Structure formats: C-alpha cells, structure tokens
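Worksheet for the structure shown next.
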Amino acid sequence: MALIVQKFGGSSVADAASITRVAERIAETHRAGNEVVVVVSAMGDTTDELLDLAQAVSENPSGRELDMLLTSGERISMALLAMAIRNLGVEARSYTGSQAGMVTDEKHGSARIVEVSPNRVRAALDAGAVAIVAGFQGFNRGTGDITTLGRGGSDTTAVALAAALGADVCEIYTDVDGIFTADPRVVPSARKIDRVTSEEMLELAAAGAKVLYIRAVEYARRHGVTIHVRSSFSRNEGTLVVNPKEGETVEEPIITGIAADLSEDKITVVGVPDVPGTAARLFTIVANAGANIDMIVQNTSTSDTGVADISFTLPTSQAKSVLDALEARRADIGFESVQYDDQIGKIALVGAGMRTNTGVSAKFFTALSDAGINIEMISTSEIRISVVTRADIVNEAVRVIHHAFDLDGESEAVVYGGTGR
Ligand code: ADP
Ligand code: ASP
Ligand code: MG
C-alpha cells in the first residue's frame, strides 16, 4: 500500500463536471489500495476574481481580511470534491489548512510554513477515508489568524503534507502533460521533459515557469520529496522532479528549458556617488521597503564624474514603495534621480550541463541578436543565464531561443484547460 498525495490545480476543478472527473480519478487510486491525501486549489480563476473584488472595494485591503477572503476559494472546492467522492461510494473528509495542522508564520499573503501536524488527516486515512485538504492556507498560532502561502501556494501545501506524512510520491495534477522545455502556451512545439532535477526546476520556477511554485520545489528539495507533475485531463506519464543524492550522476542535458517573467519592473538610480558604502545604503533602503530584488547592474563610473548608475529589477507589486522610499532619501544619499521602467521582461535559459559546456551564452546572445532583440541587462548563475529585454518581445524571444537550442519536440504540446491567467 502506498501513500499518495494528489494536488489538483484550479483548472482541474474549474466546474462541476471537472470536479466529478477528478473525483473519479481519486476514487480509483483509493480503490487500488492506496492511502490518498488530496490537496485542492480554488476553482478556475476564483482567486483572481476574489482579488478583483477586493480591489473594487478597497485600494489597499488589509492582509488579514484579504487572506480571510482568498481562503474561501479553496474551501468551496474542497467541500464539493469531498461530496463528489462520497457520491462514488468512497468515504472522504475535507479539512481547512488549520484543521490539517498547517502552522505558518504571521506574514499575510506570503506566510511560511513553520510546522505541519496533520493528525486529523492521518486519522482520516486510518479510518479508510480519503483526506482532502484546502491548499494555499494555514494559520498562525500567535495571532490565531488564517494566512495564505502566496500565489500558487497549493503546490507547497501538497509537498509539505507529503513530507510530513512520509508519502511515496507527491503528484501535482495540472492542465498540461508535465514540465516542458518552455511554456506550451507560448511555444506550442515545446517538448515534455521526463525527468528534471530539483536544482534545475528551482531555477525555472524562480525565472517564472509557474507550473510549479518555487517554494514547493525548495521544500521538496529540503525534505527529499519526489514530485510528479502530470495532467488531470490525460493518463500520460508526466515529469518527475528528482533529488539526486550526493555523488549520484544523472544524465543532464546542456539546456533543460526556458522561462520568462513579465511580472517585474526595473528601477535605475542615476548619479550615485561612487564611494564605498553607497550600494550598501541604497539596498538597505530597498530592503527596508520590503522588496525582493533580483538582477543588479552597476555601470562603470567614469573617473571624472565620480558617479555611477545602479539598476535593479523587482516585482511590480513592490515598485511603488521602493520608489517612495528612495525619493525620501535622495539628498541624504546624494544621487541625482530615479528612473522607473515597467515595460521589461526577463528570459532565463536553464540547464545543469552549462557547467561543463562552453559557448552557451554566445549562442544565446547570437540568437537574440539575429532576431534584432536588444539585451538590456544580463545575469548568470552556475546553471542559468538571464537577460532583460522589452516586455512586448519576450514571447517572440523565447520562441527564437527555443529554436536556436533545438529544444522542439516531435508533436505539438497539448494545453487541456485553464485560461493562462
Ligand atoms: P494549476 O492551476 O494547475 O496550478 P498553473 O496555471 O499554476 O496550473 O500552472 C500550469 C501552467 O503553467 C500551464 O498551463 C502553462 O501555461 C504554465 N507553464 C509555464 N511554464 C511551463 C513549463 N515549462 N512547462 C509546463 N507548463 C508551464
Ligand atoms: N488558489 C491559489 C492561487 O490561485 C493557490 C493555488 O492555486 O495554488 O494562487
Ligand atoms: Mg499553480
């Protein structure tokens, strides 16, 4: 008997018919003699619709109330799914995040899991039932309040439960057949990857491949959970995200895939005094404004002016508070001005084989240049090269690079559902 965690994303439970279809699959896994824990997201685009509603009544809603609102989405789908499974003659019980023992810190909107005590889930399994847990939510012991784990957080709930219960596998069911060499909505010729290391998947997720949420991949890596990403609309084998042990060799392609991200903006601080300690002061201001910055580029200062320009990228949602914080300290730091650019896109090429192969960057930049695409910023890790370009040519750039690195599959990738929102 195996213990299987199955997570179903919003597009897999978008309407009553989908919920029934998913219920049949879960009942089948249970009837085959497995213990089944299900994690479910809100139906379709419910979370986005609830966010729109919140914006319509308040420009700056409180984090506590926003979490209260958003967690209602998963509550609807978990109860409906439990009903649908029971309708098939299999006992099923649904649990909110707090009932399932998902304890988090108190950071509304992006809480971190600090403890998982799934006693009620374990008891439901012992009683022969399927346990259904609302994804994306937890609670904080200190405040007693409900929290959410950040967009896409149901993936993290699933992995955390799989780790806490010692599950054999954590299956993430979505609207495509697995992890592809690029987003199949952007590159229809993208190829499905059979196996990817968590190290490579972390880079892809960090670079915007929303098929798996970065914190879920991090958690799986730390706790040794094997993730299987697959479609709830087909029976095809998906992609295994594996954690190779120290010294174990896995066959690593030079390039694993390409990811793109349109959710970031660029800020340039112009005319920064080129003296020791300025960058430290600038980025302390940025950090205190609560921003997660990504790429940083400082131009070489020309000796006669004694000033430099520093550019960095950050999530759009954090730009305003950083701009305000910088402006407030302009005289004090002594820079000239701040420029803001909300029309950038980031593209990342990821592959563990880059470590041992030369010429990858040259090929990457040549492909972009042949297509007449200008590179505005560059950053690299051991297994990733990222560039910033204009936002409106990002999808075109991804297709060009995908082709240049011969990543195309034999057939067109299938997108079974979802709105891509
Ligand atoms: P769910 O609702 O199941 O959580 P998401 O919308 O969060 O689904 O994630 C699935 C989507 O991720 C796919 O429909 C696809 O458009 C997108 N995606 C982005 N990059 C990739 C990739 N490399 N491989 C597969 N899907 C990707
Ligand atoms: N419903 C949440 C979201 O849309 C969590 C998730 O689906 O993973 O972000
Ligand atoms: Mg998701």
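In case you wondered, yes, glycine gets a Cβ from its N, Cα and C as well.
Since this is a predicted model, take the numbers as computed values, not measurements.
Binding of ATP is attributed by TrEMBL to K7, F8, G9, G10, T174, D175, K210, V211, and the same site annotation extends, among R185, R221, to R185.
All chains included, 30 other C-beta atoms sit within 10 angstroms of the C-beta of E74 (substrate binding site). K7 (ATP binding site) sits 17 Å from T47 (substrate binding site), taking the CA atoms of both as reference points. With a cut-off of under 6 Å between the Cβ and any atom of ligand 3, the binding-site residues K7, T47, E74, T174, R185, V211 reduce to an empty set. Among the binding-site residues K7, G9, E74, T174, R185, V211, residues whose Cβ is positioned under 6 Å from ligand 1 are identified as G9, T174, R185, V211. A separation of roughly 19 Å, to the nearest angstrom, links the Cα atoms of V211 (ATP binding site) and E74 (substrate binding site). Cβ-based neighbour count (10 Å, all protein chains) for K7 (ATP binding site) stands at 29.
Under 6 Å, Cβ to nearest atom of ligand 2: this is the test, and of the binding-site residues K7, T174, R185, V211 it is passed by none.
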